[in-house]
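Colleague: Quick one: this structure, given as structure tokens, is what I'll be asking you about.
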């Protein structure tokens, strides 16, 4: 690996970690302190949560299109700057409405961040290493989550200071992206991974796209119950303190780093095998948590299993989408990531309804079954493709 390739991977991993792990997911960790100090109502907090998903969907569509027009560098730097401004706004907010706006702005950066990195990898890294580069960068989410957890412990009650530090990190990341990401647009010398002109250029709809859409949506739905209500299960059913839920959160992030190996695992065992195995692990995490909520070891194993499975699966869909859209890697990443978010938008309220009407056990088992059903979906053509997929991703 050349120095240029290594620098791009580091910059991209930092961008995904900063936007997803800090600008978006850290909100839940600091929410209790925010609500107490700023007077953020439960209703407004819920609106922010729903708005974050919607903002992500809009941003990732916009980003995928803008990358093809302006190139990956400008959009990647813009994502880091928006994260910095949003998190600085969070640190400075004194009223609930301003805090809500800042959280939504910071969260929007996640949608902007992924497509430009997919495009950048396709331009700057040789085809045999693109799959690995994409999935390593994608695992940056776990790095950000793993960092935000300890910070929440250290900066207990000091969420403004924590977000100010996060904003500085985002600014530094913007500078690194400026010197690491290529500026070319997707229209410049568009090639597939084998270096040949792609005869499918331009079209958004591709054969087998529906299979990818169904799989990504199903995974998004299955994961929604864990992301939204796992801490509640730990505290309400397990009767543990918030600190235990925070440790489980850290384990989700640390274990998710395993997802960086998705590219290599796909190359060795095939995309469908990794896809099915990861969904089985997610189903196991959902079932284990709700069947043994008062067992500390089970809680931690469940969190680690979920974190590894989730990031592994996002890596699978990243590779799958880029293979499908060899000539348009930003679209190849954007489509499955959009559908994961759509699945989460549907899954979150459905999980809430099931918990309210049937309880945690029924809800989590039902969502585990969604994961199992999604494992039945696969793309047989990818099973024969080598992991030198068409393009790149975040």
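Note: Cβ is positioned from N, Cα and C throughout, glycine not excepted.
TrEMBL annotations: computationally assigned, not manually curated.
Fair warning: this is a prediction, and the values are worked out from it, not measured in the lab.
Annotations for this protein, taken from TrEMBL, read as follows:
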type	residues	note
DOMAIN	5-386	domain 'Major facilitator superfamily (MFS) profile'
TRANSMEM	7-30	transmembrane segment
TRANSMEM	42-67	transmembrane segment
TRANSMEM	74-91	transmembrane segment
TRANSMEM	97-114	transmembrane segment
TRANSMEM	135-155	transmembrane segment
TRANSMEM	161-181	transmembrane segment
TRANSMEM	209-227	transmembrane segment
TRANSMEM	247-267	transmembrane segment
TRANSMEM	279-301	transmembrane segment
TRANSMEM	307-326	transmembrane segment
TRANSMEM	333-353	transmembrane segment
TRANSMEM	359-378	transmembrane segment
Colleague: Against the transmembrane segment (135-155), which of these stretches has the most C-beta pairs under 8 Å: 74-91, 307-326, 333-353?
Modeller: 307-326
Colleague: Which range out of 161-181, 209-227, 333-353 gives the transmembrane segment (97-114) the most CB pairs under 8 Å?
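Modeller: It is 333-353, which has the most Cβ pairs under 8 Å.
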Colleague: At a C-beta cut-off of under 8 Å, are there same-chain residues at least 6 beyond the transmembrane segment (333-353) that contact it? List them, or none.
Modeller: 49-50, 53-54, 56-57, 60-61, 63-64, 114-115, 118, 209, 212-213, 215-225, 227-229, 314, 317-318, 320-322, 325, 363, 367, 370, 393-394
